[in-house]
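J.: My questions all concern the structure below.
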Amino acid sequence: MTTRTSLTIVLAAGEGTRMRSSLPKVLHPVAGRPLLAHVLAAAPHGEGDKLAVVIGPDHQAVADEARRIRPDAQIYVQTERLGTAHAVLAAKQAVAGGADDLLIAFGDTPLISAETFARLREPLRNGGALVVLGFRAVDPTGYGRLVVEDDRLAAIREQADASPDELKITLCNAGVMAIDGRIALDVLGAIGNANKKGEYYLTDAVGIVRERGLVAGVIETDEDEVRGINTKAQLAEAEAVMQARLRQAAMAAGVTLISPETIHLAADTTFGRDVTIEPFVVIGPGVSIGDGAVIHSFSHIVDTSLGKNTSIGPYARLRPGTSLGDGAKIGNFVETKAAQIDAGAKVNHLTYIGDAHIGPGANIGAGTITCNYDGFNKHKTEIGAGAFVGSNSSLVAPVRIGAGAYIGSGSVITRNVPDDALAVERNDQSVREGWATRFREAKLRAKKPKAG
């Protein structure tokens, strides 16, 4: 069977005024990934699949994000907002380039799946001219109704134009559409603007196709999958749906989530086998978790690689650039950033490790700080294999602690320490016998009321 080519046009020109944000609507995140990125990741991206993204004026950030996800993306600007068909024809050059299937999607529908795009194309393979994605709405008020006759799409009826019987229809238009690429440019060009708003509506393509004796059809999907995001409340709703999906997928893959509804995952989180995550854990973008890892409650992890059988938290914060080797441990109230912590190393309590490399089997005592920033630049701390850093130590970078070296508790280390050496930097202890008794007696005498 010959593989069909495709062109997906993603409409992302909306201002998103109801978001009340300076950030373009399609760049707001769901599960740590911009809305647009979810759509582009789901769109066909094989050898014969092309992508065009239609953006608004002054939306260079949207173009940059599109090319970050899909370097092959063609960018087109819709200078005027004159309806959905007008937006599609902003990419007229791409449509004219030819493809077997033209897919039209929206940059603010992050829950759409690759499987749905594939199902949308199937009727075109079987001779259909146009396919609309529909959903059964719990409350269809405000949606265009899909009027189906003899298993074919007869019309898309907007609510204001619907008859009483048509208003009872719960099958609604999701806006996503597929058109036979051979007729796409002709059909789109035939759409007029003879309506109250003077705009060009993509939904008119259904009538044009039927007038030409061609077949229009409907593919149904779940209502959640085609949620459009126009407000912060809708953004939160989409986040909830996405999180439920991600948790379910993680558990299906063998991850133990002790209290799933309290755990936040990112769209790109990857898991090994037998991973356990306790309640109230937040995992941001860029995290990979190895076999047997345990993440304890109230930990926050971003852009981090965890090796096999690692242990994190509770109350740990792992910031970007952190990597842990197999069996390494990060304990409670520990923060790391740009830190490589090798196999078997332990950082158990109340510690900051930034811009550092900790060798295998090293032990970092409670209250240790790598002093990595001098007010202008960051500097690196190197701690060798098997080194032992005593509690309440400050390691002033750049500095190297040799393999097997010991650092005495309370030390401020400013110079390199050789392998297997002991470094202690603190004043000699002074003991004054009886001082506490004399101090208390003097204070009590001072508190006696004066004779008067």
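Note that Cβ sites are derived from N, Cα and C of the backbone, with glycine treated the same way.
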J.: Looking at Swiss-Prot, which one out of S391, S394 binds acetyl-CoA in the same site as A366, N372, Y373, S409, R426?
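T.: That acetyl-CoA site, as Swiss-Prot gives it, pairs A366, N372, Y373, S409, R426 with S391.
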J.: Determine, using Cα-Cα distances only, which of these binding-site residues is closest to N230 (Mg(2+) binding site): A13, G83, R319, Y352.
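T.: Nearest in space to N230 (Mg(2+) binding site), counting only the binding-site residues, is A13.
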J.: Of the residues in the region 'Linker' (233-253), how many are helix, strand and coil by DSSP?
T.: 20 helix, 0 strand, 1 coil
J.: For acetyl-CoA, with binders A366, N372, Y373, S391, S409, R426, what's the maximum Cα separation in whole Å?
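T.: Farthest Cα pair among residues binding acetyl-CoA: 22 Å.
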J.: Please compare the binding-site residues Y352, Y373 by how many other CB atoms fall within 10 Å of each one's CB, and tell me which has the fewest.
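T.: Selected from the binding-site residues Y352, Y373 on minimum Cβ neighbours within 10 Å: Y373.
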J.: If you measure from the Cα of S391 (acetyl-CoA binding site), which of the recorded positions G144, R319, H349 is the nearest?
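T.: Spatially nearest to S391 (acetyl-CoA binding site) by Cα position is H349.
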J.: Averaging the per-residue pLDDT over the region 'N-acetyltransferase' (254-452), what integer do you get?
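T.: Taking every residue of the region 'N-acetyltransferase' (254-452) together, the mean pLDDT is 97.
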J.: Out of K25, Y352, A366, S409, which of these binding-site residues is nearest D108 (Mg(2+) binding site) by C-alpha distance?
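T.: It is K25, whose Cα lies nearest.
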J.: When you rank K25, G83, G144, N173, Y352 by Cα distance to R426 (acetyl-CoA binding site), which of the binding-site residues ends up on top as the closest?
T.: Y352
